[in-house]
(Lines of atoms letter the chains of each structure in order from A and count residues from 1; the text may use other names and numbers.)
(Lines give C-alpha, C1' and ligand atoms only; values in the text may rest on other atoms or scores of the structure.)
Protein backbone atom coordinates (compact mmCIF):
# COMPACT_ATOMS: atom_id res chain seq x y z
CA UNK A 1 0.00 0.00 0.00
CA UNK A 2 2.73 2.40 0.99
CA UNK A 3 4.88 1.50 -2.02
CA UNK A 4 1.95 1.89 -4.33
CA UNK A 5 1.28 5.34 -2.93
CA UNK A 6 4.89 6.41 -3.43
CA UNK A 7 4.62 5.85 -7.20
CA UNK A 8 0.99 6.91 -7.56
CA UNK A 9 1.30 10.34 -5.92
CA UNK A 10 3.89 11.81 -8.31
CA UNK A 11 2.25 10.08 -11.30
CA UNK A 12 -1.11 11.67 -10.52
CA UNK A 13 0.62 15.03 -10.08
CA UNK A 14 2.20 14.73 -13.53
CA UNK A 15 -1.13 13.72 -15.14
CA UNK A 16 -2.86 16.72 -13.53
CA UNK A 17 -0.09 18.98 -14.78
CA UNK A 18 -0.41 17.71 -18.35
CA UNK A 19 -4.20 17.99 -18.28
CA UNK A 20 -3.98 21.56 -17.03
CA UNK A 21 -1.49 22.41 -19.74
CA UNK A 22 -3.72 20.89 -22.43
CA UNK A 23 -6.72 22.72 -21.02
CA UNK A 24 -5.06 26.15 -20.94
CA UNK A 25 -3.85 25.84 -24.55
CA UNK A 26 -7.33 24.68 -25.64
CA UNK A 27 -9.19 27.46 -23.78
CA UNK A 28 -6.95 30.17 -25.20
CA UNK A 29 -7.01 28.64 -28.68
CA UNK A 30 -3.23 29.03 -28.94
CA UNK A 31 -1.70 27.83 -32.20
CA UNK A 32 1.15 25.36 -31.75
CA UNK A 33 3.82 27.92 -32.75
CA UNK A 34 2.82 29.99 -29.76
CA UNK A 35 2.40 27.18 -27.28
CA UNK A 36 2.28 23.51 -28.15
CA UNK A 37 -0.02 21.30 -26.08
CA UNK A 38 0.81 17.83 -24.77
CA UNK A 39 -1.28 16.26 -27.55
CA UNK A 40 0.92 18.00 -30.13
CA UNK A 41 3.97 16.31 -28.65
CA UNK A 42 2.88 12.76 -29.37
CA UNK A 43 3.28 13.09 -33.17
CA UNK A 44 6.68 14.72 -32.62
CA UNK A 45 7.85 11.74 -30.54
CA UNK A 46 6.47 9.10 -32.92
CA UNK A 47 7.95 10.87 -35.95
CA UNK A 48 11.43 11.39 -34.50
CA UNK A 49 11.66 8.62 -31.93
CA UNK A 50 15.02 7.35 -33.28
CA UNK A 51 16.50 10.85 -33.09
CA UNK A 52 15.25 11.22 -29.53
CA UNK A 53 16.96 7.97 -28.57
CA UNK A 54 20.28 8.81 -30.24
CA UNK A 55 20.43 12.46 -29.17
CA UNK A 56 18.97 11.73 -25.75
CA UNK A 57 21.71 9.20 -25.13
CA UNK A 58 24.38 11.67 -26.27
CA UNK A 59 23.05 14.30 -23.90
CA UNK A 60 22.77 11.85 -21.04
CA UNK A 61 26.22 10.30 -21.23
CA UNK A 62 28.00 13.61 -21.70
CA UNK A 63 26.15 15.07 -18.73
CA UNK A 64 27.01 12.06 -16.58
CA UNK A 65 30.69 12.15 -17.55
CA UNK A 66 30.80 15.91 -16.83
CA UNK A 67 29.20 15.22 -13.46
CA UNK A 68 31.66 12.45 -12.64
CA UNK A 69 34.58 14.76 -13.39
CA UNK A 70 32.89 17.43 -11.27
CA UNK A 71 32.51 14.95 -8.40
CA UNK A 72 36.18 13.94 -8.50
CA UNK A 73 37.56 17.45 -8.99
CA UNK A 74 35.00 19.11 -6.69
CA UNK A 75 35.69 16.63 -3.89
CA UNK A 76 39.43 17.14 -4.26
CA UNK A 77 39.16 20.92 -4.09
CA UNK A 78 36.70 20.56 -1.21
CA UNK A 79 39.15 18.33 0.67
CA UNK A 80 42.00 20.77 0.17
CA UNK A 81 39.86 23.65 1.41
CA UNK A 82 38.33 21.59 4.22
CA UNK A 83 41.64 20.51 5.71
CA UNK A 84 43.71 23.66 5.28
CA UNK A 85 42.61 27.08 6.42
CA UNK A 86 45.25 28.75 4.28
CA UNK A 87 44.10 26.98 1.16
CA UNK A 88 40.49 27.85 1.98
CA UNK A 89 41.35 31.53 2.25
CA UNK A 90 43.36 31.32 -0.96
CA UNK A 91 40.89 29.37 -3.10
CA UNK A 92 37.50 30.73 -2.05
CA UNK A 93 37.68 34.09 -3.87
CA UNK A 94 38.97 32.34 -7.00
CA UNK A 95 36.19 29.78 -6.93
CA UNK A 96 33.45 32.30 -6.21
CA UNK A 97 34.74 34.54 -8.98
CA UNK A 98 34.84 31.65 -11.40
CA UNK A 99 31.35 30.59 -10.43
CA UNK A 100 30.01 34.13 -10.80
CA UNK A 101 30.90 34.25 -14.51
CA UNK A 102 27.71 33.35 -16.40
CA UNK A 103 28.50 30.10 -18.16
CA UNK A 104 26.46 31.22 -21.18
CA UNK A 105 29.32 33.61 -21.91
CA UNK A 106 31.95 30.91 -21.45
CA UNK A 107 30.23 28.49 -23.82
CA UNK A 108 31.10 30.30 -27.09
CA UNK A 109 34.68 30.76 -25.90
CA UNK A 110 35.13 27.07 -25.12
CA UNK A 111 33.31 26.15 -28.34
CA UNK A 112 35.86 28.21 -30.26
CA UNK A 113 38.93 26.99 -28.39
CA UNK A 114 37.95 23.36 -28.74
CA UNK A 115 36.19 23.61 -32.08
CA UNK A 116 35.25 20.24 -33.50
CA UNK A 117 35.79 18.39 -30.20
CA UNK A 118 32.06 18.03 -29.60
CA UNK A 119 32.23 15.59 -26.72
CA UNK A 120 35.18 17.21 -24.97
CA UNK A 121 33.83 20.76 -24.95
CA UNK A 122 30.35 19.62 -23.86
CA UNK A 123 31.69 17.54 -21.01
CA UNK A 124 33.94 20.44 -20.04
CA UNK A 125 31.05 22.90 -19.71
CA UNK A 126 28.91 20.37 -17.82
CA UNK A 127 31.79 19.92 -15.42
CA UNK A 128 32.59 23.63 -15.06
CA UNK A 129 29.04 24.58 -14.22
CA UNK A 130 28.46 21.81 -11.67
CA UNK A 131 31.60 21.32 -9.56
CA UNK A 132 31.22 24.45 -7.40
CA UNK A 133 28.41 23.29 -5.07
CA UNK A 134 30.23 19.99 -4.56
CA UNK A 135 33.47 21.74 -3.53
CA UNK A 136 31.67 24.03 -1.12
CA UNK A 137 29.67 21.19 0.46
CA UNK A 138 32.71 18.96 0.96
CA UNK A 139 34.85 21.77 2.38
CA UNK A 140 32.13 22.82 4.82
CA UNK A 141 31.50 19.22 5.82
CA UNK A 142 35.17 18.65 6.57
CA UNK A 143 35.90 21.96 8.29
CA UNK A 144 32.92 21.65 10.64
CA UNK A 145 33.99 18.24 11.95
CA UNK A 146 33.76 18.41 15.77
CA UNK A 147 37.25 18.17 17.31
CA UNK A 148 36.08 15.38 19.65
CA UNK A 149 35.66 13.04 16.67
CA UNK A 150 39.26 13.59 15.73
CA UNK A 151 40.47 13.30 19.33
CA UNK A 152 38.73 9.94 19.83
CA UNK A 153 40.55 8.45 16.86
CA UNK A 154 43.85 10.27 17.39
CA UNK A 155 44.04 9.14 21.00
CA UNK A 156 43.96 5.57 19.67
CA UNK A 157 46.91 6.30 17.42
CA UNK A 158 44.93 6.46 14.16
CA UNK A 159 46.61 7.94 11.10
CA UNK A 160 45.26 11.00 9.26
CA UNK A 161 44.08 8.73 6.47
CA UNK A 162 42.16 6.50 8.91
CA UNK A 163 40.49 9.58 10.42
CA UNK A 164 39.48 10.73 6.95
CA UNK A 165 38.22 7.32 5.87
CA UNK A 166 36.37 6.36 9.05
CA UNK A 167 34.97 9.72 10.12
CA UNK A 168 35.44 12.73 7.86
CA UNK A 169 34.27 11.01 4.68
CA UNK A 170 31.08 9.35 5.98
CA UNK A 171 30.19 12.42 8.02
CA UNK A 172 30.38 14.62 4.91
CA UNK A 173 28.22 12.35 2.73
CA UNK A 174 24.83 13.97 3.51
CA UNK A 175 26.16 17.41 2.53
CA UNK A 176 27.81 15.88 -0.51
CA UNK A 177 24.59 14.32 -1.77
CA UNK A 178 22.67 17.53 -1.15
CA UNK A 179 25.17 19.31 -3.40
CA UNK A 180 25.09 16.52 -5.98
CA UNK A 181 21.33 16.99 -6.43
CA UNK A 182 21.96 20.64 -7.30
CA UNK A 183 24.90 19.68 -9.51
CA UNK A 184 22.80 17.23 -11.56
CA UNK A 185 20.46 19.94 -12.83
CA UNK A 186 23.36 22.36 -13.35
CA UNK A 187 25.24 19.80 -15.44
CA UNK A 188 22.20 19.42 -17.72
CA UNK A 189 22.13 23.16 -18.23
CA UNK A 190 25.82 23.08 -19.14
CA UNK A 191 25.46 20.24 -21.63
CA UNK A 192 22.51 21.86 -23.35
CA UNK A 193 24.04 25.31 -23.54
CA UNK A 194 26.93 23.83 -25.49
CA UNK A 195 24.72 21.63 -27.65
CA UNK A 196 22.56 24.57 -28.68
CA UNK A 197 25.42 26.97 -29.39
CA UNK A 198 27.66 24.58 -31.27
CA UNK A 199 27.23 24.30 -35.04
CA UNK A 200 26.67 20.75 -36.34
CA UNK A 201 26.30 19.63 -32.75
CA UNK A 202 24.93 16.56 -31.12
CA UNK A 203 22.47 15.83 -28.38
CA UNK A 204 18.99 17.05 -27.49
CA UNK A 205 20.20 20.65 -27.60
CA UNK A 206 21.02 20.19 -31.26
CA UNK A 207 17.60 18.65 -31.87
CA UNK A 208 16.06 21.68 -30.21
CA UNK A 209 18.08 23.94 -32.47
CA UNK A 210 16.99 22.13 -35.63
CA UNK A 211 13.38 22.34 -34.42
CA UNK A 212 13.88 26.09 -34.18
CA UNK A 213 15.43 26.35 -37.66
CA UNK A 214 12.64 24.31 -39.23
CA UNK A 215 9.93 26.13 -37.29
CA UNK A 216 8.86 22.76 -35.85
CA UNK A 217 7.50 24.09 -32.56
CA UNK A 218 6.00 20.88 -31.22
CA UNK A 219 9.46 19.31 -31.66
CA UNK A 220 11.05 22.05 -29.55
CA UNK A 221 8.55 21.46 -26.75
CA UNK A 222 9.05 17.72 -27.08
CA UNK A 223 12.80 18.25 -26.54
CA UNK A 224 12.14 20.29 -23.41
CA UNK A 225 9.97 17.52 -21.98
CA UNK A 226 12.59 14.90 -22.91
CA UNK A 227 15.21 16.97 -21.05
CA UNK A 228 12.94 17.19 -18.04
CA UNK A 229 12.54 13.41 -18.16
CA UNK A 230 16.33 12.85 -18.24
CA UNK A 231 16.77 15.32 -15.39
CA UNK A 232 14.21 13.49 -13.26
CA UNK A 233 15.84 10.16 -14.10
CA UNK A 234 19.31 11.29 -13.05
CA UNK A 235 17.98 13.05 -9.96
CA UNK A 236 16.32 9.88 -8.71
CA UNK A 237 19.45 7.85 -9.36
CA UNK A 238 21.26 10.28 -7.03
CA UNK A 239 18.44 9.94 -4.48
CA UNK A 240 18.84 6.15 -4.68
CA UNK A 241 22.60 6.41 -4.10
CA UNK A 242 21.98 8.76 -1.21
CA UNK A 243 19.61 6.26 0.41
CA UNK A 244 22.30 3.59 0.17
CA UNK A 245 25.30 5.62 1.35
CA UNK A 246 23.81 8.32 3.56
CA UNK A 247 20.43 6.87 4.54
CA UNK A 248 21.46 7.10 8.21
CA UNK A 249 21.16 10.89 8.08
CA UNK A 250 17.41 10.64 7.53
CA UNK A 251 15.66 10.88 10.86
CA UNK A 252 12.62 8.70 11.45
CA UNK A 253 9.55 10.90 11.09
CA UNK A 254 6.81 11.48 13.63
CA UNK B 1 53.25 1.07 44.99
CA UNK B 2 53.91 2.10 41.40
CA UNK B 3 52.04 5.02 39.97
CA UNK B 4 50.39 4.33 36.65
CA UNK B 5 49.98 7.99 35.80
CA UNK B 6 52.69 10.40 36.80
CA UNK B 7 52.45 14.08 35.94
CA UNK B 8 55.61 15.91 36.94
CA UNK B 9 55.96 19.66 36.98
CA UNK B 10 53.80 20.24 33.93
CA UNK B 11 53.51 23.82 32.75
CA UNK B 12 51.60 24.73 29.64
CA UNK B 13 50.44 27.87 27.87
CA UNK B 14 48.31 28.41 24.78
CA UNK B 15 49.47 30.82 22.13
CA UNK B 16 46.86 33.46 21.50
CA UNK B 17 46.84 36.75 19.59
CA UNK B 18 47.32 38.55 22.91
CA UNK B 19 50.41 36.58 23.83
CA UNK B 20 50.73 33.28 25.72
CA UNK B 21 47.83 32.26 27.97
CA UNK B 22 49.19 30.08 30.79
CA UNK B 23 46.78 27.29 31.76
CA UNK B 24 48.85 24.84 33.80
CA UNK B 25 51.58 25.87 36.21
CA UNK B 26 53.92 23.28 37.69
CA UNK B 27 51.20 20.67 38.05
CA UNK B 28 52.00 17.42 39.85
CA UNK B 29 49.60 14.49 39.95
CA UNK B 30 50.22 10.81 40.50
CA UNK B 31 47.60 8.10 40.27
CA UNK B 32 48.38 4.59 41.54
CA UNK B 33 47.39 1.64 39.37
CA UNK B 34 43.71 0.76 39.71
CA UNK B 35 42.82 4.02 41.41
CA UNK B 36 40.17 6.40 40.31
CA UNK B 37 41.17 10.01 40.48
CA UNK B 38 38.81 12.94 40.11
CA UNK B 39 40.05 16.37 39.14
CA UNK B 40 37.88 19.33 40.11
CA UNK B 41 38.46 23.05 39.82
CA UNK B 42 36.91 26.33 38.77
CA UNK B 43 35.73 26.39 35.18
CA UNK B 44 38.33 27.34 32.60
CA UNK B 45 41.20 26.31 34.84
CA UNK B 46 42.78 23.93 32.34
CA UNK B 47 41.13 20.63 33.23
CA UNK B 48 40.51 19.68 29.61
CA UNK B 49 44.09 20.52 28.71
CA UNK B 50 45.11 17.97 31.31
CA UNK B 51 43.16 15.20 29.53
CA UNK B 52 44.81 16.01 26.23
CA UNK B 53 48.24 15.85 27.84
CA UNK B 54 47.60 12.46 29.42
CA UNK B 55 46.16 11.13 26.15
CA UNK B 56 49.28 12.31 24.34
CA UNK B 57 47.28 14.56 22.03
CA UNK B 58 49.39 17.51 23.18
CA UNK B 59 52.86 17.90 24.62
CA UNK B 60 53.41 20.18 27.58
CA UNK B 61 55.72 23.19 27.29
CA UNK B 62 57.57 22.01 30.37
CA UNK B 63 57.42 18.96 32.58
CA UNK B 64 56.71 15.32 31.85
CA UNK B 65 53.76 12.96 31.64
CA UNK B 66 54.48 9.30 32.34
CA UNK B 67 52.19 6.32 31.80
CA UNK B 68 53.23 2.88 32.98
CA UNK B 69 56.82 4.02 33.43
CA UNK B 70 57.01 5.38 29.87
CA UNK B 71 57.14 8.99 28.94
CA UNK B 72 54.14 10.10 26.87
CA UNK B 73 55.15 11.90 23.71
CA UNK B 74 52.43 10.79 21.30
CA UNK B 75 48.97 9.17 21.46
CA UNK B 76 48.95 5.61 22.70
CA UNK B 77 46.31 2.94 22.37
CA UNK B 78 46.45 2.07 26.07
CA UNK B 79 44.24 5.08 26.73
CA UNK B 80 40.48 5.28 26.42
CA UNK B 81 38.61 8.57 26.25
CA UNK B 82 35.06 9.74 26.92
CA UNK B 83 33.84 13.31 26.54
CA UNK B 84 30.86 15.34 27.67
CA UNK B 85 29.66 15.15 24.07
CA UNK B 86 29.40 11.39 23.47
CA UNK B 87 30.31 11.87 19.76
CA UNK B 88 28.68 8.77 18.35
CA UNK B 89 29.28 8.05 14.68
CA UNK B 90 25.71 8.53 13.45
CA UNK B 91 26.14 6.31 10.39
CA UNK B 92 27.05 3.29 12.49
CA UNK B 93 24.94 1.14 14.77
CA UNK B 94 25.62 1.22 18.50
CA UNK B 95 27.51 -2.07 18.25
CA UNK B 96 29.66 -0.77 15.38
CA UNK B 97 30.35 2.38 17.38
CA UNK B 98 31.64 0.38 20.30
CA UNK B 99 33.76 -1.71 17.94
CA UNK B 100 35.55 1.35 16.51
CA UNK B 101 38.68 1.23 18.74
CA UNK B 102 39.18 -2.45 17.93
CA UNK B 103 39.37 -1.53 14.23
CA UNK B 104 42.26 0.84 14.95
CA UNK B 105 44.23 -0.61 17.84
CA UNK B 106 46.29 -3.60 16.69
CA UNK B 107 44.93 -6.82 18.24
CA UNK B 108 44.61 -10.52 17.54
CA UNK B 109 40.90 -10.86 18.18
CA UNK B 110 38.64 -12.48 15.60
CA UNK B 111 35.57 -10.66 14.34
CA UNK B 112 33.41 -12.88 16.52
CA UNK B 113 35.52 -12.22 19.61
CA UNK B 114 35.36 -8.48 19.06
CA UNK B 115 31.59 -8.56 18.70
CA UNK B 116 31.17 -10.74 21.77
CA UNK B 117 33.32 -8.35 23.77
CA UNK B 118 31.31 -5.34 22.63
CA UNK B 119 27.97 -7.04 23.32
CA UNK B 120 29.17 -8.06 26.76
CA UNK B 121 30.06 -4.47 27.63
CA UNK B 122 26.80 -3.11 26.25
CA UNK B 123 24.89 -5.60 28.40
CA UNK B 124 26.94 -4.52 31.41
CA UNK B 125 25.84 -0.90 31.03
CA UNK B 126 22.23 -1.90 30.40
CA UNK B 127 22.11 -1.46 26.63
CA UNK B 128 21.19 -5.04 25.78
CA UNK B 129 18.81 -5.05 22.82
CA UNK B 130 20.04 -1.70 21.51
CA UNK B 131 23.07 -3.08 19.64
CA UNK B 132 21.59 -2.57 16.19
CA UNK B 133 19.95 0.80 16.84
CA UNK B 134 21.37 4.02 15.44
CA UNK B 135 22.70 6.60 17.92
CA UNK B 136 19.94 9.03 16.90
CA UNK B 137 17.39 6.60 18.31
CA UNK B 138 18.96 6.71 21.78
CA UNK B 139 18.59 9.18 24.64
CA UNK B 140 21.52 11.27 25.88
CA UNK B 141 22.14 8.98 28.84
CA UNK B 142 22.11 5.88 26.63
CA UNK B 143 24.51 7.47 24.18
CA UNK B 144 26.88 8.26 27.03
CA UNK B 145 26.67 4.63 28.21
CA UNK B 146 27.59 3.47 24.72
CA UNK B 147 30.42 5.99 24.62
CA UNK B 148 31.79 4.53 27.89
CA UNK B 149 31.73 1.06 26.33
CA UNK B 150 33.63 2.39 23.35
CA UNK B 151 36.21 4.00 25.63
CA UNK B 152 37.08 0.71 27.35
CA UNK B 153 36.38 -1.92 24.68
CA UNK B 154 40.09 -2.26 23.85
CA UNK B 155 40.95 -2.76 27.54
CA UNK B 156 42.94 0.43 28.00
CA UNK B 157 45.06 0.86 31.12
CA UNK B 158 43.76 4.36 31.60
CA UNK B 159 40.29 5.74 31.12
CA UNK B 160 40.18 9.52 30.77
CA UNK B 161 36.80 11.15 31.12
CA UNK B 162 36.18 14.83 30.52
CA UNK B 163 32.93 15.76 32.26
CA UNK B 164 31.20 12.71 30.81
CA UNK B 165 27.97 13.19 32.75
CA UNK B 166 27.88 16.99 32.62
CA UNK B 167 25.10 17.28 30.06
CA UNK B 168 22.76 14.74 31.68
CA UNK B 169 19.85 15.37 34.02
CA UNK B 170 20.41 14.69 37.72
CA UNK B 171 18.71 11.29 37.89
CA UNK B 172 20.28 9.95 34.72
CA UNK B 173 23.59 11.11 36.08
CA UNK B 174 23.11 9.12 39.28
CA UNK B 175 22.23 6.06 37.22
CA UNK B 176 25.46 6.44 35.28
CA UNK B 177 27.50 6.85 38.45
CA UNK B 178 26.28 3.43 39.53
CA UNK B 179 27.07 2.07 36.07
CA UNK B 180 30.62 3.37 36.51
CA UNK B 181 31.01 1.42 39.75
CA UNK B 182 29.68 -1.71 38.05
CA UNK B 183 32.13 -1.25 35.17
CA UNK B 184 35.04 -0.83 37.55
CA UNK B 185 34.19 -4.07 39.32
CA UNK B 186 34.13 -6.01 36.04
CA UNK B 187 36.81 -4.15 34.13
CA UNK B 188 39.59 -2.89 36.33
CA UNK B 189 41.13 0.28 34.96
CA UNK B 190 42.83 3.36 36.25
CA UNK B 191 40.63 6.36 35.80
CA UNK B 192 40.94 10.09 35.56
CA UNK B 193 37.63 11.89 35.84
CA UNK B 194 37.44 15.58 35.08
CA UNK B 195 34.28 16.97 36.64
CA UNK B 196 32.72 20.03 38.20
CA UNK B 197 30.33 18.01 40.32
CA UNK B 198 31.77 17.55 43.81
CA UNK B 199 29.25 14.85 44.80
CA UNK B 200 30.19 12.94 41.68
CA UNK B 201 33.88 13.16 42.53
CA UNK B 202 33.33 11.93 46.09
CA UNK B 203 31.03 9.10 45.04
CA UNK B 204 33.23 7.79 42.25
CA UNK B 205 36.84 8.61 43.07
CA UNK B 206 39.47 7.27 45.45
CA UNK B 207 41.11 10.63 45.50
CA UNK B 208 39.98 14.09 44.52
CA UNK B 209 42.45 16.67 43.29
CA UNK B 210 41.42 20.31 43.51
CA UNK B 211 43.09 22.54 40.97
CA UNK B 212 43.60 26.23 41.60
CA UNK B 213 42.27 28.84 39.22
CA UNK B 214 44.11 29.48 35.98
CA UNK B 215 46.99 28.84 35.61
CA UNK B 216 46.16 25.62 37.43
CA UNK B 217 48.37 23.99 39.96
CA UNK B 218 47.61 21.24 42.48
CA UNK B 219 45.95 23.02 45.35
CA UNK B 220 44.58 20.21 47.45
CA UNK B 221 44.46 16.39 47.42
CA UNK B 222 41.63 14.68 49.24
CA UNK B 223 41.67 10.95 49.90
CA UNK B 224 38.15 9.60 49.83
CA UNK B 225 37.58 6.67 52.17
CA UNK B 226 33.97 5.62 52.31
CA UNK B 227 34.51 1.99 53.25
CA UNK B 228 34.07 0.69 49.73
CA UNK B 229 30.35 1.43 49.68
CA UNK B 230 28.89 1.95 46.22
CA UNK B 231 25.24 2.64 47.00
CA UNK B 232 23.98 6.17 46.42
CA UNK B 233 23.08 6.60 50.11
CA UNK B 234 26.77 6.84 50.91
CA UNK B 235 26.79 10.40 49.57
CA UNK B 236 24.57 11.42 52.51
CA UNK B 237 26.68 9.90 55.30
CA UNK B 238 28.47 12.27 57.70
CA UNK B 239 31.87 11.17 56.38
CA UNK B 240 30.96 12.08 52.82
CA UNK B 241 29.37 15.34 53.89
CA UNK B 242 32.54 16.28 55.72
CA UNK B 243 34.66 15.61 52.63
CA UNK B 244 32.24 17.55 50.45
CA UNK B 245 32.48 20.42 52.86
CA UNK B 246 36.26 20.48 52.69
CA UNK B 247 36.22 20.28 48.89
CA UNK B 248 33.66 23.07 48.67
CA UNK B 249 35.91 25.26 50.77
CA UNK B 250 38.92 24.45 48.57
CA UNK B 251 36.96 25.38 45.46
CA UNK B 252 36.10 28.71 47.02
CA UNK B 253 39.77 29.30 47.67
CA UNK B 254 40.52 28.36 44.07
CA UNK B 255 37.93 30.82 42.87
CA UNK B 256 39.53 33.46 45.05
CA UNK B 257 36.37 33.90 47.15
CA UNK B 258 37.72 32.52 50.41
CA UNK B 259 41.04 33.10 52.12
CA UNK B 260 43.21 30.20 53.22
CA UNK B 261 42.80 28.70 56.71
CA UNK B 262 45.16 31.11 58.46
CA UNK B 263 43.42 34.21 57.21
CA UNK B 264 39.97 32.81 57.95
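In case you wondered, yes, glycine gets a Cβ from its N, Cα and C as well.
For A:56-238, the entry in TrEMBL reads domain 'ABC transmembrane type-1'.
Same-chain residues lying 6 or more positions outside the transmembrane segment (A:7-27) and placing a CB less than 8 Å from one of its CB atoms are 35-39. Residues or ranges marked as transmembrane segment by TrEMBL: A:7-27 (among others).
Feature annotation from TrEMBL assigns transmembrane segment to A:60-83 (among others).
Under the heading transmembrane segment, TrEMBL lists A:90-116 (among others). Taking Cβ pairs closer than 8 Å, the transmembrane segment (A:90-116) reaches residues 77, 80-81, 124-125, 128-129, 132, 135-136, 189-190, 193-194, 197-198 in its own chain, all 6 or more past its ends.
Among the features that TrEMBL reports, transmembrane segment is placed at A:122-145 (among others). Beyond the ends of the transmembrane segment (A:122-145), by six or more residues, the same chain brings 62-63, 65-67, 69-71, 73-75, 77-83, 88, 95, 98-99, 103, 106-107, 110, 114, 167-168, 171-172, 175-176, 178-180, 182-184, 186-191, 193-195, 198, 202-203 to within a C-beta distance below 8 angstroms of the stretch.
Through the fold, the transmembrane segment (A:176-197) approaches residues 59, 62-63, 66-67, 70-71, 74-75, 103-104, 107-108, 110-111, 121-122, 125-131, 133-134, 136-138, 141, 203-206, 208-209, 227, 230-231, 234-235, 238-239, 241-242, 245-246 of its own chain, all at least 6 residues removed from its boundaries and within a Cβ separation under 8 Å. Annotation source TrEMBL lists transmembrane segment at A:176-197 (among others).
Marked as transmembrane segment by TrEMBL: A:217-238 (among others).
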